[in-house]
Amino acid sequence: FLLCLEYPQVGVCCGFLLNQHYNPAFVSLQMMKHAWDNYKRYAWGLNELKPISKQGHSSNLFGNIQGATIVDALDTLFIMEMKEEFKEAKEWVEKNLDFNVNAEISVFEVNIRFVGGLLSAYYLSGEEVFRKKAVELGEKLLPAFNTPTGIPWALLNIKSGIGRNWPWASGGSSILAEFGTLHLEFVHLSHLSGNPVFAEKVMNIRKVLNRLDKPEGLYPNYLNPSSGQWGQHHVSIGGLGDSFYEYLLKAWLMSDKTDEDGKKMYYDAVQAIETHLIRKSSGGLTYIAEWKGGLLEHKMGHLTCFAGGMFALGADGAPSDKTGHHIELGAEIARTCHESYDRTRMKLGPEAFRFDGGVEAIATRQNEKYYILRPEVIETYMYMWRLTHDPKYREWGWEAVEALEKHCRVDGGYSGLRDVYNNHESHDDVQQSFFLSETLKYLYLLFSEDDLLPFEHWVFNTEAHPLPVLHKDDGNKEENQK
């Protein structure tokens with residue numbers, strides 16, 4: 001009952017407690033409270049939580065920067081009106097969030113989680129500390145662009161300013177999804193700081209890409225920042241490629257539909273994807289294959305499942321005869337991804353699933369059977385619900401809630417799973433920061449009214465951090481809060 005008094009915004013939650021009439025938005029808020037309270041209890045100030053071990057978890061993606069879960073969760077706390085939790089998170093940011101560390105970080109991960117999280121918290125709350133911290137961190141990321149082409153390094157020591165690429169990347173290349181997923185945040189950094197350098201850096205990436213020939217109109221995943229040439233001709237709308245395409249569309253939407261270059265790049269890319277990568281299985285499931293030097297690998301990653309929502313979100317801007325087609329494409333991808341969940345014992349989807357050797361939407365390799373609390377399928381359900389109001393998307397979302405509660409919820413938080421096809425849970429003992437930032441936020445939005453963060457005013461970065469549309473008549477940096 002006290003929870004009802006504390007969180008009245010989710011509706012008649014006392015009915016849930018007394019009559020067991022489930023209010024799904026309230027349940028997703030409860031899940032957030034369980035995840036957050038346990039992070040606070042066992043890993044406060046550290047990056048992530050190990051919910052089985054009940055201690056902190058550190059990822060080398062963030063170097064010595066701490067507090068990834070706090071910064072990633074700020075806007076979710078605010079949106080869910082968890083006011084006390086938001087206040088304590090803000091106080092931690094004010095006193096403890098420190099970027100003056102001698103550490104090598106992932107430019108991409110720090111941008112989408114920390115810069116994106118701080119920007120969103122600022123726009124939602126108006127608290128100046130978040131704007132200052134976002135700009136400070138943005139300035140520390142700028143040396144990553146000190147390459148012959150201006151295509152940034154993947155890794156950066158934020159004290160020395162020395163960058164390098166992942167040693168496994170083809171021919172010393174930068175990764176398409178990494179350097180292609182800076183645009184939204186860096187445009188907002190320029191908007192809020194008055195310093196054009198941030199936007200200039202990401203617009204230069206566009207110039208480099210537009211000068212290059214694309215094999216069959218497709219963008220390979222690897223680009224050498226020194227030579228400005230493609231590495232291996234591997235193409236994926238999942239890992240290594242995914243959010244590049246998302247940011248082309250969202251850059252256009254965020255610009256109040258004035259970024260014609262972003263728009264053209266997006267719809268040209270979708271045309272090439274549809275021609276060369278999208279296929280239909282013998283069982284009638286539409287999937288997005290991976291392209292390796294002209295040969296298709298009939299595999300689709302969980303990460304690729306975001307594309308259903310992307311196609312639907314971009315339907316309005318497509319040529320008029322293609323609008324319905326893009327919505328239908330989104331619906332077909334959503335159905336395929338739902339099948340990848342439904343065909344497991346845990347009813348949660350594997351990291352990757354295949355369409356070959358007589359199987360459809362099933363993982364066949366042991367190292368692809370895990371689930372790490374990823375949001376992409378729920379993200380697509382949320383977009384499809386908002387854009388079509390077909391009730392099946394809420395039903396599918398509720399199935400995911402039930403599966404998460406049954407198999408991932410543990411006493412100390414939420415844990416990923418090592419094998420979603422197994423009869424018994426084997427937990428990986430990590431509560432990823434994106435579970436609070438993305439998975440739980442998308443669930444909450446799926447079950448909330450459409451006027452909560454409406455699409456005409458907000459775009460979500462690839463970590464689900466909402467950023468406001470920048471209208472042409474915005475006279476000053478504060479205008480977007482109105």
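Along the chain as shown, residues are numbered 1 onward.
Any Cβ shown, glycine's included, is placed from N, Cα and C.
The active site, proton donor annotation in TrEMBL covers E109 (among others). Using a 10 Å Cβ-Cβ cutoff, E109 (active site, proton donor) registers 20 neighbours.
Annotation source TrEMBL lists active site at D242 (among others). All chains included, 25 other C-beta atoms sit within 10 angstroms of the C-beta of D242 (active site).
The annotation active site, proton donor is assigned in TrEMBL to E351 (among others). Using a 10 Å radius centred on the Cβ of E351 (active site, proton donor) and all shown protein chains, the other Cβ atoms total 20.
Under the heading active site, TrEMBL lists E376 (among others). Just so you know, the Cβ of E376 (active site) picks up 24 other Cβ atoms within 10 Å once every protein chain is counted.
Per TrEMBL, Ca(2+) binding site is recorded for T462.
According to TrEMBL, the disulfide bond annotation covers C305-C337. Listed in sequence order, the residues of the same chain lying 6 or more apart from C305 (disulfide bond) and placing their CB within less than 8 Å of its CB are I333, A334, C337, S340, G349, E376, V377, E379, T380.
For C337 (disulfide bond), other Cβ atoms within 10 Å of its Cβ number 29.
If you compare Cα positions, E109 (active site, proton donor) sits closest to T462 out of the recorded positions D242, E351, T462.
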